[in-house]
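Chemist: The structure is given below, and queries will be raised subsequently.
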Amino acid sequence: MSEIISVISREILDSRGNPTVEVEVTTADGNMGRAAVPSGASTGAHEACELRDGDKNRFLGKGVYKAVDNVREKIAPEIVGLQATEQVYIDKILRDIDGTENKSNLGANAILGVSLAVAKAAAKDCRLPLYRYVGGSQASRLPVPLMNVLNGGAHANNGLDIQEFMIVPTVNNSYAESLRAGTEIFHTLKKILAKKGLSTAVGDEGGFAPKLGSNQEALDLLMNAIVDAGYDPGQNVFLALDVAATEMFKEGKYEWQGGHISPTELLGIYKSWAEKYPLVSIEDGFAEDDWDSWVQSTAQMGSTMQLIGDDLFVTNPKRLRMGLEKKAGNALLVKVNQIGTLTETYEAVNLAQRNKFRTIMSHRSGETEDVTIADLAVGLNCHQIKTGSLCRGERTAKYNQLLRIEEDLGGMGLYWDKAAFR
């Protein structure tokens with residue numbers, strides 16, 4: 001029986017030492033699904049609401065007791081007795097109880113914890129791994145990792161405008177081999193930084209955060225690390241950026257290396273980098289409400305460059321439909337806590353893939369050891385995954401889960417490889 005008999009919630013710590021919500025759902029079969037909710041540093045204005053307590057005397061106002069209590073007192077009584085396998089129905093109940101567009105009543109952190117824990121309990125009842133429970137027999141492709149090895153922006157206080165400089169390994173049509181390549185490049189980069197007398201301390205997502213003279217210097221460092229590690233830039237390792245441009249947008253211009261530039265000038269920089277470097281993906285290249293620049297950049301670069309909307313779309317089908325109508329962007333970043341339920345996440349991914357958008361499953365800068373997104377990346381047939389650098393346990397946990405899934409799939413498993421960007 002998949003009848004839900006217990007829903008428990010608690011306050012735990014995320015990777016930044018901030019409180020977050022953890023939920024456990026247990027069924028009559030004795031199976032328990034546990035989910036911990038992540039939290040972002042650079043968040044989109046259109047994201048679902050993360051409910052914090054605001055009590056400055058406790059965790060500096062960042063406690064989540066209100067969300068935890070909402071799970072216990074408002075959600076649990078409504079779903080105990082229901083079948084855990086009725087995911088769509090349960091997610092609808094969660095939204096109905098909340099009653100707001102952005103889930104500000106119960107908190108998206110409360111709702112998501114329950115939604116994911118229900119799915120994990122149901123998967124165990126069905127004796128299936130989560131990726132197979134979510135995706136069925138078609139869940140067989142491993143995503144390409146976008147590895148954030150150099151941090152800037154809101155993730156590091158080091159003078160770099162761009163938030164994430166990433167390497168993208170596509171080696172031997174193998175996830176495991178690509179992960180190995182990324183790891184070797186990461187350690188090679190560390191040696192290069194140390195030799196230059198630069199800091200090898202890491203930021204929130206495990207990438208290095210040295211003080212550099214320019215954004216372009218960061219790109220050059222990545223190119224050197226790729227070559228020194230024995231790989232071929234533009235052949236089996238590529239580059240990707242998360243600009244997080246909303247953080248830089250002020251009064252119609254973008255803060256850039258100590259000054260301000262126009263959207264047209266910023267687009268020109270991206271185009272010049274695309275010619276000089278093996279750059280395959282730019283995330284949030286423009287601010288979340290700078291639709292004109294998104295449309296212009298997609299028209300000029302969209303045929304050859306992946307242009308990911310994160311703050312632009314916030315995993316929300318309504319925002320994504322706006323982008324499709326305007327022809328803004330060509331790829332969707334998928335963050336489950338931006339929308340708040342597994343069902344709505346599926347709807348956003350399905351809408352994107354039907355319209356030939358690439359989909360990229362993503363962590364948040366405030367993560368936990370929960371590996372759910374690795375299973376969801378495979379289960380939802382996402383082309384790529386973002387889960388940080390090659391250190392910090394909350395990041396490597398997801399990479400390791402994908403190794404297990406690749407092993408579990410055996411000969412049926414396929415790696416998206418370069419096809420992830422076509």
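Cβ atoms are placed via backbone N, Cα and C, with glycine included.
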Chemist: Among Asp228, Asp232, Asp242, Asp370, which residue does Swiss-Prot annotate as binding Mg(2+) together with Glu283, Asp310?
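Modeler: Looking through Asp228, Asp232, Asp242, Asp370, the residue Swiss-Prot assigns to the Mg(2+) site is Asp242.
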Chemist: Given that Swiss-Prot assigns Gln163, Lys335, Arg364, Ser365 to the (2R)-2-phosphoglycerate site, pick the one from Lys190, Lys191, Lys318, Lys386 that the record assigns to that site as well.
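Modeler: Candidate listed by Swiss-Prot for the same site: Lys386.
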Chemist: Around Asp310 (Mg(2+) binding site), how many other C-beta atoms are within 10 angstroms of its C-beta?
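Modeler: If we count other Cβ atoms within 10 Å of Asp310 (Mg(2+) binding site), we arrive at 29.
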Chemist: If you take the centroid of the Cβ atoms of Asp242, Glu283, Asp310, the listed Mg(2+) site, which other residues of that chain have their Cβ within 8 Å of it?
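Modeler: Apart from Asp242, Glu283, Asp310, the close residues are Gln163, Glu164, Leu241, Val243, Ala244, Ile282, Asp284, Ile308, Asp311, Leu333, Lys386.
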Chemist: Which residues in the same chain, at least 6 apart in sequence, have a Cβ under 8 Å from the Cβ of Glu283 (Mg(2+) binding site)?
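Modeler: In sequence order, Glu164, Ala240, Leu241, Asp242, Val243, Ala244, Ile308, Gly309, Asp310, Leu333, Ile360 meet the Cβ cut-off.
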Chemist: What number of additional C-beta atoms lies within 10 angstroms of the C-beta atom of Glu205 (active site, proton donor)?
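Modeler: For Glu205 (active site, proton donor), the count of other Cβ atoms within 10 Å is 30.
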Chemist: Ranking the binding-site residues Gln163, Ser365 by other Cβ atoms within 10 Å, which is at the bottom?
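Modeler: Sparsest of the binding-site residues Gln163, Ser365 by Cβ contacts within 10 Å: Ser365.
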